[in-house]
Amino acid sequence: RHRHKEKWAATAPRIPSTRLALHHFDTSYSLHLGALWPSVRAGLLCEQKYGALLNNFAAADHVPQELELLDATDFVSEALQKAQQWQEGAAVGEVARECQEGSGDGRTVMQAEMMTQAEMSPPLCASISSKIKCYTFPKGDITRFRPARPDALGLLDYYLMDAASLLPVLALNVQPDDFVLDLCAAPGGKTLALLQTGFCGHLAANDVSISRTKRLYEILHSYVPREVKDTVSVTSYDGRDWDQVKGGTFHKVLVDVPCTTDRHSAMEEENNIFHKRRTKERQMLPMLQLQLLMAGILTTKPGGEVVYSTCSLSPLQNECVVERALDVAEAQFDIRIHVEDLSHFRMLFQDTFSFFSDCRLGELVLPHLTANFGPMYFCKLRRM
């Protein structure tokens, strides 16, 4: 008589959000990625791989040696070495070509490839900050990094993050005294990476979420000394309105937009955008992304650069948003945008990441069991 039936049906979702997300991914990404999708799917559902971004502000000279003893390597400096080797190979190839002139085409295929790579290498060296150092374990090695430790002044020695998240920062190619805007900055990994370049004349870090901005403050407090923090302004504006606050004032703008966060959506129920109550919000994401990218473009000086990025595999949130922004910029604002070629990133970082070779615009890192970083899409735009 005193028994009662638990009212679970009214409150608990019948289908877990993670299952809804996977069903959506299976439907759309199997078409987009074709034969690659099963391995990408397996990567999404397995433990993510991390990189250790060294904190240049901490007194931690012993850390590189400690990590190298564990067989971790700095993938950024490895890419720089590769670019320099291509340049040296180009010089050799040029001499060989001159020697062969007049006797037909004497270049081997390998020499031709070295020449092609070397012709690209000056922008390669120039487009990578040698001050950013991020250690990763080799492909197939799933060793975990120890937690970060404080130095004598309390600054942590490294920041653990998806190493693919550094690629948009490297693509932005911050130069000395640049005014830089991180439009959707929280939780703060990319903001910290931007500061590691040592080049930001001023960095504006904005995020609409006040609670997420608190996490950004925590990262700045844990990793950055006071004199550097003074060059950073943290705000909580709606990023879509930023151009009305400070239009046309920044040399470099990072627009790392909210997205379906595919790895999180496939693995975690908490704060999952595929929850049925968030259907409308999810459907409106491409519009929000377009508005944020347009605000980023409008807040950039003529000649300045914008990097757009997501952690989604979806072409609707990636290339389609960029293509729409190009149209809107020209039609509504008479602004011409040039899409920069980032294909050299694919060659430089292929030993660390698995790239999708068929992006119409920009580059996409695919999760893969042997290199389980990403997804990370990034595309660089120059305001003409």
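Just so it is clear, glycine is given a Cβ too, placed from its N, Cα and C backbone atoms.
These features come from TrEMBL:
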type: DOMAIN; residues: 82-384; note: domain 'SAM-dependent MTase RsmB/NOP-type'
type: BINDING; residues: Cys184, Ala185, Ala186, Pro187, Gly188, Gly189, Lys190, Asp207, Asp238, Asp256; note: S-adenosyl-L-methionine binding site
type: ACT_SITE; residues: Cys311; note: active site, nucleophile
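Shown on the structure are the features that TrEMBL records.
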{"residue": "Cys184", "record": "S-adenosyl-L-methionine binding site", "CB count, 10 Å": "22"}
{"residue": "Ala186", "record": "S-adenosyl-L-methionine binding site", "CB count, 10 Å": "25"}
{"residue": "Gly188", "record": "S-adenosyl-L-methionine binding site", "CB count, 10 Å": "26"}
{"residue": "Lys190", "record": "S-adenosyl-L-methionine binding site", "CB count, 10 Å": "23"}
{"residue": "Asp238", "record": "S-adenosyl-L-methionine binding site", "CB count, 10 Å": "14"}
{"residue": "Cys311", "record": "active site, nucleophile", "CB count, 10 Å": "23"}
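Taken together, the residues of the domain 'SAM-dependent MTase RsmB/NOP-type' (82-384) have an average pLDDT of 89.
Reported as a whole number, the C-alpha separation between Lys190 (S-adenosyl-L-methionine binding site) and the residue listed as 'active site, nucleophile' equals 13 Å.
When every Cα pair among Cys184, Ala185, Ala186, Pro187, Gly188, Gly189, Lys190, Asp207, Asp238, Asp256 is compared, the largest distance found for this S-adenosyl-L-methionine site is 20 Å. Looking at Ala186 (S-adenosyl-L-methionine binding site) and Cys311 (active site, nucleophile), their Cα atoms lie 14 Å from each other.
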